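Participant: Feature list, courtesy of TrEMBL:
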type: DOMAIN; residues: A:49-606; note: domain 'CstA N-terminal'
type: TRANSMEM; residues: A:108-127; note: transmembrane segment
type: TRANSMEM; residues: A:133-153; note: transmembrane segment
type: TRANSMEM; residues: A:173-198; note: transmembrane segment
type: TRANSMEM; residues: A:204-224; note: transmembrane segment
type: TRANSMEM; residues: A:267-290; note: transmembrane segment
type: TRANSMEM; residues: A:302-319; note: transmembrane segment
type: TRANSMEM; residues: A:339-360; note: transmembrane segment
type: TRANSMEM; residues: A:381-408; note: transmembrane segment
type: TRANSMEM; residues: A:480-501; note: transmembrane segment
type: TRANSMEM; residues: A:527-545; note: transmembrane segment
type: TRANSMEM; residues: A:588-608; note: transmembrane segment
type: TRANSMEM; residues: A:658-679; note: transmembrane segment
Amino acid sequence: MPEPAPASSAQNSSGRLTPKSIAIWALVALVGAVGWGVLALSRGEEISAAWMLAAALGSYAIAYRFYSRFIARRVLKVDKTRATPAERLDNGVDFHPTDRRVLFGHHFAAVAGAGPLVGPVLAAQMGYLPGTIWIVAGVIFAGAVQDMVTLFFSTRRDGRSLGQIARDEIGPFGGAAALIAVFLIMIILLAVLALVIVNALADSPWGVFSIAMTIPIALFMGVYLRVLRPGRVSEVSLIGVALLLLAIVAGGWVAESSLADTFTLEAGTLVIWMIVYGFLASVLPVWMLLAPRDYLSTFMKVGTIALLAIGVVVALPTMKMDAVTEFASRGDGPVFAGSMFPFVFITIACGALSGFHSLISSGTTPKMVQKETQIRMIGYGAMLTESFVAIMAMITACIIDPGLYFAVNSPAGVIGGTVESASQAVANLGFTISPDQLAQAAKDVEESSLLSRTGGAPTFALGMSDIFSSVIGGAGLKAFWYHFAIMFEALFILTTVDAGTRVGRFMLQDMLGNVYKPMRQVSWKPGVWFASAVVVGAWGYFLWVGVHDPLGGINQLFPLFGIANQLLAAVALAVCTTLLVKSGRLKWAWVTAVPLAWDAAVTLTASWQKIFSDDPKVGFFTQRDVYQTGIDNGEVIPPAKTMDDMHTVVTNSTVDGVLSALFAVLIIVVIADAARVCYKAIRHPESVKLSETPYVKSEIVAPAGLIPTKEEKAELAAAARAKVPTGADPS
Amino acid sequence: MTSASKVRDAVGRIRWYVRELTGESAYDHYVAHTRACDPTTEPMSRRAFERSRTDAREADPREGFRCC
């Protein structure tokens, strides 16, 4: 089967590098290389975060300029003369050619979430170097490639979803396995994210009050948009953000008042509230809670990330964490168990390669792409930005005192409940922090305790409050910034929980609809309630377990979340590779096949270890055996305190182990089915059936990148004279 | 260009970007689209349009999903 013809020759006109641009790119490469050099070679001394920024930004620039361009032109052969679905099917609503800069913002807001803020913080237990290398290398060769290639293929298929593409191009079997995998992964994702905020909010009246206030604020915004002034999103978002800031300040007052006890909730109570909230939020109309909350969290997300970037650059904090800690090789770290390979990759997940992005890159975004040439900026560019968010999270975790880092991130079973026991335990881990320093750190941010606040969010908030208070307000505002950061993270985790429960419910209704028809109707209330209850019950179960697990919920569940996310990435990369092969791009299939091979190696190794490892800290079934033997012998094994704890551990390890095995099997099925289809396409090229939408000539003239090139400006001017629709500024 | 008009231009661009990003201008696009397709049909009112937009999300929540 012939390789697709190269797109118009005009695209290659600017292929030659001028001496000036060679000089500029050599300089960029040098900045990046020096950054990496300092990061890698410093041992024992504290270095500035500026070096990490230089290494990351230099690498991103080179990768974007050269690698993403190579993928766009040589591999995908994006065709600027080919009309996108947005242009062909323009209905003024969901299919609509959208300005590239706007769509970049949309896409970034949709893909960026709590994941890249949590993963790097946890990975920092192995030092900043392993995590940073993977965040940067992973995004360049895997994460951004996955997002961009998925976006391209979905755009060529009228914005079909990953599941549909898998069914159309691989087959019903692989497609069904992919669908079930997506559903299960969603459940684990929601549970772990909910666990992150439960851990951050437990026994924190300030945090609980502020977050609780987001519900009335969102309801007010919902009514405003529905009844008072429909569609005025900017003004209502500004009002909402102002109320939100007020809620954070008021949280401080509440924490000091007689109301404090009312808002001081244990983790177990918070779980119940989360489950109730999750259920209500998913059955209430979208306009009431989800839509306004979404506006609010997007505003906060983009705003805070921008502020953080400025803060990091202005403050240029010093990193106190070691480049590589001993846990990297020993694999017995308290935050998560397992050695650097594969668990650093599993833990970082979203900041480097996130399977979930393939659901956004196939679905909403491709229906709005104005020009195929813009896929590079939107798909690859937005993922580089998300990776930069992960780098900032890594910085926040590494600038706080390592002793404090381990006291915050180790489960209670390891460090005990008092500052004295924690100080002792941290010393045993090889770091130092005095009980007084621990108490002072909690007092600085006006929390009763910071011990075992696992899940990443509190650590991130501590680092962020350090950075912000050094720029604005000094130590006096530390508590405000800490709770601002907690609120910011909790807000969009709650939005994801809400939106994710709905998506899960929808998928479940769709699947059950095969058995009982009315289930598929979204207007059939009993079906909606039943499916919502199942989804909420499923993630609620893992959340409950995570909070009550004597071994520490994050410690047990986060690897499962990472494996799930990375396995979804394997599905997306397998679909992309199959499509490259089937569409006659066999020569270039390595672009997604190599990251697929790496990702499959990492995740299947991690699954293998989680299932079969002899180390009870790593292997779920070995862990089960150890505790079951304990029960049989009538002994209680620490950190379990009672026989009930022992039974909890046995149940949890069994469930987690079975789930790990199930994930691995589903993914092997998808990859094997994809390999079969690829083999068939290579052996019998004439049998290949592609469900690509046929070529239609594009009428729109629009630049590919952020800044129009000289040729593009000339084309835009010519188009303006001829009154052809353009993607130029509307002003 | 005078500095005042430069500032005005910059503010206009920011306003345009924010309106586009938040979806506030979705209605304008819809009206423009409806008029361009068939000048005789009367587009929905803003209220009705925004309702239909959120109701569509109700019907298929996968649109507008947020990531982890």
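Just so it is clear, glycine is given a Cβ too, placed from its N, Cα and C backbone atoms.
Any TrEMBL annotation is an automated prediction that lacks curation.
Values in this document were obtained by computation on a predicted structure and should not be read as measured data.
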Participant: Which listed stretch (A:108-127, A:133-153, A:302-319, A:480-501) has the most C-beta pairs under 8 A with the transmembrane segment (A:173-198)?
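Facilitator: Stretch with maximum Cβ contacts: A:480-501.
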Participant: Which listed stretch (A:133-153, A:204-224, A:267-290, A:658-679) has the most C-beta pairs under 8 A with the transmembrane segment (A:381-408)?
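Facilitator: Highest pair count goes to A:133-153.
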Participant: I'd like to know if the transmembrane segment (A:527-545) touches the transmembrane segment (A:588-608) in this structure, counting it as a touch only when three or more C-beta pairs sit under 8 Å and are separated by 6 or more positions.
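Facilitator: Contact absent: fewer than 3 Cβ pairs fall under 8 Å.
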Participant: List, by number or range, the same-chain residues at least 6 past the transmembrane segment (A:480-501) whose CB is under 8 A from its CB atoms?
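Facilitator: Sequence-distant neighbours of the transmembrane segment (A:480-501): 113-114, 117, 186, 189-190, 193-194, 196-197, 200-201, 204, 206-207, 210-211, 214, 244, 247-249, 251-252, 274, 277-279, 281-282, 289-290, 293-294, 296-298, 300-301, 304, 445-447, 457-458, 460-462, 464-465, 468-469, 473, 532, 535-536, 539.
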Participant: Which sequence positions outside the transmembrane segment (A:527-545), separated from its termini by at least 6 residues, show Cβ-Cβ distances below 8 Å to it?
Facilitator: 187-188, 190-192, 194-195, 198, 268, 271, 274-275, 278-279, 282-283, 497, 501, 504-506, 508-509, 512, 518-521, 553, 557, 648, 651-652, 655
Participant: In this predicted model, what is the average pLDDT of the domain 'CstA N-terminal' (A:49-606)?
Facilitator: 93
